[in-house]
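Novice: One structure, pasted below without further comment.
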Amino acid sequence: MSGALDVLQMKEEDVLKFLAAGTHLGGTNLDFQMEQYIYKRKSDGIYIINLKRTWEKLLLAARAIVAIENPADVSVISSRNTGQRAVLKFAAATGATPIAGRFTPGTFTNQIQAAFREPRLLVVTDPRADHQPLTEASYVNLPTIALCNTDSPLRYVDIAIPCNNKGAHSVGLMWWMLAREVLRMRGTISREHPWEVMPDLYFYRDPEEIEKEEQAAAEKAVTKEEFQGEWTAPAPEFTAAQPEVADWSEGVQVPSVPIQQFPTEDWSAQPSTEDWSAAPTAQATEWVGTTTEWS
């Protein structure tokens, strides 16, 4: 599809992105219409998607999107969680109309519905999950583009982009690649310079994981503040000039104090014992006499 134009050939960095995101990994089941996009089958039963065919169909889909004069006439849909963020990012970059979440039946066919719209092109993430918009597109003669896995049905799909539409990284990377090629074909960005938007912004993230990361970051910040408050207090600044002493032995005079000698006693000698019985007897006699005089 890219032909002999070297500008449209797949670069090595693009191949590395596809391999890192697992875009080439299909499922264990194979639809008969997807056989043309299969490269080989692994020993565990997983089919390998030919990335060359993926790149060719990606360029064809980008050309179809660029052919629409009004970007808002392109509807991009993803009912699965893994593609909702990528759809919103793609719509913000290219100007398309996103439908993230549940698709209201009758959006393309029921004219009295509040959400009724008449797009000129439809792009879906999964033909099996987004079967309702594909069916309604067939009623109003609407061309469709779909990211198709090895087991995806190709009924009502006009341009099938073979890729892994189950993994969050693969779906986000495919929408990022499609948005980049659309902007390049429109002339918004140059092919000589890399796009400043990273594919990570198109990846789906679980809200529980985001909440856990935010809590961990908050706890880490609080712990860091407490540590700094206890151990990294600002040291007092001394601005007074300190006296300079050349020789500390000369600067301080230490007075000499004579050492007092105490006589040594022999603690082993037994102390002299006194007769305490005589004195109490004499005192008792005196008290007796005193009491006699009172009587």
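Our numbering is plain: 1 for the first residue shown, then up by one each step along the chain.
Any Cβ shown, glycine's included, is placed from N, Cα and C.
Quick paste from Swiss-Prot:
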{"type": "CROSSLNK", "residues": "Lys89", "note": "SUMO2 cross-link"}
{"type": "MOD_RES", "residues": "Ser2", "note": "N-acetylserine"}
{"type": "MOD_RES", "residues": "Ser43", "note": "phosphoserine"}
{"type": "MOD_RES", "residues": "Lys52", "note": "N6-acetyllysine"}
{"type": "MOD_RES", "residues": "Lys89", "note": "N6-acetyllysine"}
{"type": "MOD_RES", "residues": "Thr97", "note": "phosphothreonine"}
{"type": "REGION", "residues": "54-113", "note": "region 'Interaction with PPP1R16B'"}
{"type": "REGION", "residues": "161-180", "note": "region 'Laminin-binding'"}
{"type": "REGION", "residues": "205-229", "note": "region 'Laminin-binding'"}
{"type": "REGION", "residues": "242-295", "note": "region 'Laminin-binding'"}
{"type": "REGION", "residues": "266-295", "note": "region 'Disordered'"}
Novice: Which residues, given as numbers and ranges, are at least 6 beyond the ends of the region 'Laminin-binding' (161-180) yet have a Cβ under 8 Å from it?
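Specialist: Those are 14, 17-18, 20-27, 34, 37, 49-50, 53-54, 57-58, 61-62, 65, 78, 82-83, 85-87, 89-90, 93-94, 123, 125-126, 145-150, 152, 189, 195, 197, 199-205, in sequence order.
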Novice: Determine the mean pLDDT over the region 'Laminin-binding' (161-180), rounding to the nearest whole number.
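Specialist: PLDDT averaged over the stretch: 90.
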Novice: Cβ atoms within 10 Å, counted per site: which of Ser43, Thr97 has the most, among these modified residues?
Specialist: Thr97
Novice: In which DSSP state, out of helix, strand and coil, do we find the residue listed as 'phosphothreonine'?
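Specialist: Once the DSSP labels are grouped into three classes, the residue listed as 'phosphothreonine' ends up as strand.
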Novice: Just to confirm: which same-chain residues, 6+ apart in sequence, have a Cβ under 8 Å from the Cβ of Lys89 (SUMO2 cross-link)?
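Specialist: Set apart from Lys89 (SUMO2 cross-link) by at least 6 residues yet with Cβ under 8 Å, we have Trp175, Trp176, Ala179, Leu201, Tyr202.
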Novice: Under 8 Å Cβ to Cβ from Lys52 (N6-acetyllysine), same chain, six or more residues apart: give me those in sequence order, or none if nothing qualifies.
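Specialist: Result: Met10.
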Novice: Give the three-state DSSP assignment (helix, strand or coil) for the residue listed as 'SUMO2 cross-link'.
Specialist: helix
Novice: At the level of the C-alpha atoms, what whole-angstrom distance separates the residue listed as 'phosphoserine' and the residue listed as 'phosphothreonine'?
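Specialist: So the Cα of the residue listed as 'phosphothreonine' lies 42 Å away from that of the residue listed as 'phosphoserine'.
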Novice: Which state, by DSSP, holds Lys52 (N6-acetyllysine): helix, strand or coil?
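Specialist: Looking at the DSSP assignment, Lys52 (N6-acetyllysine) belongs to a helix.
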Novice: Using DSSP, tally how many residues of the region 'Laminin-binding' (161-180) sit in helix, strand and coil.
Specialist: 13 helix, 2 strand, 5 coil
